[in-house]
Amino acid sequence: MRDSVTSERLRAGQREIVLLLAAFMALNAFAIDTMLPALPQIGADLGVTRDNERQLVILAYMFGFGASQMLWGPLADRFGRKPVLAGGVSLYFLFATVAAAAQDFTLMIVARFLMGASGAVSRVLVNAIVRDLFEGEAMARVMSLTMMVFMVVPVLAPSVGQLILFFGDWRLIFYGLAGYGLAVLVWGWLRLPETLNPDYRRKLEFGIVGQAVLIALRDRLSLGYTMALTAVFTALTAYLASIQQIVSVTFERPGAIGIVFGAIAAPMSIASWGNSRIVERYGLRNVSHWGLIGFLMVSLAHLLVAWWMVEPLWLFVLFQAASFVFFAFTTANFGTLAMTNMAKVAGTAASVQGTFGTVGAAALGLVIGQAYDGTQIPYLAGMALAAVAALLVVLVTERGRLFSHGPKRSPGATPERCPGPEGS
C-alpha cells in the first residue's frame with residue numbers, strides 16, 4: 001500500500017472506496033428489487049401459467065448469485081481483485097441485455113441465472129477488498145457503511161421499477177440495469193486500486209484452492225457464522241420471493257409495492273448505519289447476538305398476530321420494518337465474524353461462505369415462497385423458523401455463550417492501510 005499517502009488523502013480515498021464498493025454491491029439489489037413491480041407483466045408476456053412461478057425471476061438470480069461465488073474467489077486470489085471484478089461486471093452487462101431480449105420464460109430464467117452468477121463477483125470482491133484493508137471492529141464498521149449506502153437502493157428500486165413501467169415495458173428495466181453496470185464498470189476501472197497483498201497471491205490449482213476451501217470449512221467461526229447467515233438470509237430470500245404477491249394478492253394493493261418495500265427497507269438502512277456507529281464500542285458479538293434475539297422475538301410476535309387476527313397492511317409493514325431493523329444488526333457482523341481467521345484466503349473464504357450461504361438461503365426461500373397460499377402465514381412461519389435456526393447455530397458455534405468472546409481468533413496478518421483511489 002502507498003505509504004507516502006497523507007492521512008487527509010487517505011480518508012478521502014476511503015470515502016470514495018466505500019461509495020464505489022457500495023455501487024458495486026448495488027448491482028445486485030437493483031437487479032432484484034426493480035423486478036418486483038414488473039413480475040406480473042413479465043409473467044403475462046412470457047406465458048407463465050402459475051403465479052408462484054413468477055418468483056423464479058427473483059430466485060433464479062439468487063441461485064446464480066450463490067453458485068458462482070466459488071469461482072470468483074479463487075480467481076481473485078490468483079489474478080487480483082480489480083481485473084476479476086471488471087470481468088464479472090462486463091458479463092453482468094451482457095446477460096442483462098440478453099434478459100431484455102428474452103421471448104420465452106425459459107430463456108429469461110437462464111439469463112437471470114447467468115446475470116446473478118456474474119453479479120456475484122461484486123459480493124465476493126467487496127468482502128475480500130474490505131478484508132484486505134481492515135480487520136475486527138474496523139472491518140465491521142467499513143462493511144456496515146458500505147451496506148448502509150447499498151441499502152438505500154432497496155428503498156428506491158421498486159419505485160424506480162414502477163416509474164420505468166410508466167414509460168415503457170419491463171424490457172426497459174433490463175436495459176437500465178445494463179447501463180448502470182457499464183457506468184460502475186468504468187468508474188471502478190478508473191478509480192479502484194488493487195488491494196490484494198502480493199504475499200497472499202495463490203496459484204490457481206485444484207489442490208491449493210481445495211486447501212483454502214477446507215480452511216474456510218474447518219474453522220469454527222467461519223463455518224458456524226456462515227450457517228447462521230444462511231438461516232438469516234433465508235428470511236430475506238423468502239421476503240423477496242413473496243412480497244409482491246403478499247402486497248398485490250393478500251392485501252389487494254398492487255400499486256403499493258414500491259411504498260411498502262421502501263417503508264420496510266428504509267429503517268433497515270438506518271439500522272445498518274447505526275450498526276456502523278456502535279459496533280466498535282460494544283463489540284461484534286454483543287451487537288449481533290442482541291440483534292438476532294430481537295429478530296427472533298419480533299418474527300414470532302408477527303406470526304402470532306397474523307395467525308389470530310385479520311392483519312391490516314399497515315401493521316404488516318410495521319412488523320416487517322421492525323424485523324429487518326434487527327436483521328441489519330446481524331448480517332454485517334455475522335459476515336465479519338465468519339471472516340475473522342480468513343486473512344490469507346480472504347477471496348476463497350468469501351466465495352465459500354457466499355456460495356453455501358446464498359444457495360442454501362435461495363433453496364429454503366424457494367420452499368417458503370412456493371408455499372404461498374394467498375395469505376402471509378407461510379412466509380411469516382418461515383421467517384420465524386429461520387430466526388430460531390440461526391440462534392441455535394450461533395449457540396453451538398459459541399459453545400453456549402452469547403455476548404462474550406467465543407473461539408479465539410487465529411493469528412492473522414496485521415491490518416493494512418487503505419489506499420486512496422488510483423490517481424489520488
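Cβ coordinates are placed from backbone N, Cα and C, and glycine is handled just like the others.
Here TrEMBL flags 17-401 as domain 'Major facilitator superfamily (MFS) profile'. The transmembrane segment feature in TrEMBL is assigned to 55-72, 84-103, 109-130, 142-166, 172-192, 223-243, 255-275, 287-308, 314-338, 350-371, 377-396.
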Fill in the blank from the handout: Near the transmembrane segment (287-308) in space but 6 or more residues beyond its ends, with Cβ under 8 Å, are 228, 232, 235, 275, 278-279, 315-316, 319-320, 322-323, 325-330, 333-334, 337, 375-377, 380-381, 383-384, 386-388, 390-391, 394, 402-403
Handout entry: the transmembrane segment (350-371) versus listed stretches 55-72, 84-103, 172-192, 377-396: most Cβ pairs under 8 Å
Key = 55-72
Exercise for the section: Could you pull out which residues elsewhere in the chain have a CB under 8 Å from any CB of the transmembrane segment (223-243), counting only those six or more residues past its ends? Expected result: 32-33, 36, 55, 58-59, 62, 216-217, 257, 260-261, 292, 295, 299, 320, 323-324, 327, 330-331, 334-335, 337-338, 352-353, 356-358, 360-362, 364-366, 368-369, 372, 376, 378-379, 382-383, 386-387, 389-390, 393-394, 396-398
Problem - Mean per-residue pLDDT computed across the domain 'Major facilitator superfamily (MFS) profile' (17-401) - result: 89
